[in-house]
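Listed in TrEMBL:
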- 67-361: domain 'D-isomer specific 2-hydroxyacid dehydrogenase catalytic' (DOMAIN)
- ILE123, ASN147: substrate binding site (BINDING)
- SER148, 202-203, ASP222, 257-261, ASP309, 333-336, SER381: NAD(+) binding site (BINDING)
- 156-335: domain 'D-isomer specific 2-hydroxyacid dehydrogenase NAD-binding' (DOMAIN)
- ARG285: site 'Important for catalytic activity' (SITE)
- HIS333: site 'Important for catalytic activity' (SITE)
Amino acid sequence: MAKIIIVLYPDPTNGYPPEYARDSIPLIEAYPNGQSLPAPAGLDFVPGELVGSVSGGLGLVRWLESLGHEVVVTSDKDRTGSVLDRELPDAEIVISQPFWPAYLTPERIARAPKLRLAITAGIGSDHVDLPTAIERGITVAEVTYSNSIGVAEHTVMMVLNLVRDFVPQHRIVVEGGWNIADAVGRSYDLEGMDVGVFAAGRIGRAVIERLAPFDVRVAYTDRFRLSPEVEERYGLTFVPSIRELVTGIDVLTVHAPLTDETAGLIDDGLLATMRRGSYIVNPARGAITDRDAIVRALESGQLAGYAGDVWFPQPAPADHPWRTMPNNAMTPHTSGTSLPSQARYAAGTREILEAYFAGRPIRPEYLIVDGGGYAGTGAHSYASTPAG
């Protein structure tokens, strides 16, 4: 039997389970691209429950223990002597989330001789050192598309939040004020703006589709150009590189994976080529940007606002400068872990485990690394990502 470590974010501060705002979640029958939803043989939770925190255990614990496996569920992953580090040497499977990642560095993987499978409950597996996983023959899988639409919705929310300057206006009300001139001094209409989309994969394309009704002009860059039909439908302009893209836009949304090519890409030099008063929304990975360059651009006014759902490291320390930099609309990596998203990525995680235990192939769209190389979605997203 296997030892399985499940690393999840902590429970609500006021106890588990929380009091839910709604009695149910909408039923989604298929993903927009035709990919089928997760289809495990069974579920041990009711969709709409909080399963992404420790007590929720992704709805997996009772099932796994009934099969005789040893299960360790923890949020303790980063400190010296963490539960993750103590349990890792005997672990065959590690499951974690992009929102509370178990960083599987080369050093940690070296201390895990039995590790065979790393699962991301969600999308985005850059917290695993993929070259080391390839070298070791470790399979890396994620639940592709499970929360893509949630992230796209969050992106559009953040775009509007920045452009309309919502957060300061709300703060005026909370603090008892009513000065309309103060409230609208940095408020603009999104209509007529130029928007640039960096990477038009599942999330990027969903953002394009959701921004189209706002009468914006959208340009994009991606390794894989969209079809002429899609470009015509949404009035898209293709630009060969992000360096060309950012010079002619008011709003940049970032959806690229974190790779050697994209790490630190949005730096002082790139920011200096943008229009003064531009906005950046980054729901992809915090390390795609130069942290301090973002702060400097906001303080100088080169950027009018920065909204992000991603940090590095995660969780962000209390003194992280993005918490207090001017004109930010940051969230603590919640875009992909709404209750409906949790239901899908928990179900997909169980589907992956069922296939693994039965010796069946894991769905290609779930695979990042398999058989000693990039596979499935990983071959598309991580094998090579030119960014210039």
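The first residue you see is number 1, and the count goes up from there.
Glycine is no exception: its Cβ is also placed from the backbone N, Cα and C atoms.
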* What is the average pLDDT across the domain 'D-isomer specific 2-hydroxyacid dehydrogenase NAD-binding' (156-335)? -> 98
* Asked: Just the number: how many Å between the Cα atoms of ASN147 (substrate binding site) and SER335 (NAD(+) binding site)?
  -> 8
* Asked: Looking at the binding-site residues ASN147, THR259, SER335, SER381, which one has the fewest other Cβ atoms within 10 Å of its own Cβ?
  -> THR259
* Inter-residue Cα distance where the pair is THR259 (NAD(+) binding site) and ILE123 (substrate binding site), in Å -> 15
* **Nonlocal residues around HIS333 (NAD(+) binding site), in sequence order (Cβ under 8 Å, 6 or more apart)** => PRO98, PHE99, TRP100, ASP309, VAL310, TRP311, GLN314
* Asked: Near SER148 (NAD(+) binding site), which residues of its own chain have a C-beta under 8 A away, given they sit six or more steps off in sequence?
  -> TYR31, ILE123, ARG202, ILE203, ALA206
* Near ILE203 (NAD(+) binding site), how many other Cβ atoms are within 10 Å of its Cβ? -> 29
* Asked: Which residues does ARG285 (site 'Important for catalytic activity') neighbour through Cβ under 8 Å, counting only same-chain ones at least six apart?
  -> GLY124, ASP126, ALA256, PRO257, LEU258, THR262, VAL310, PHE312
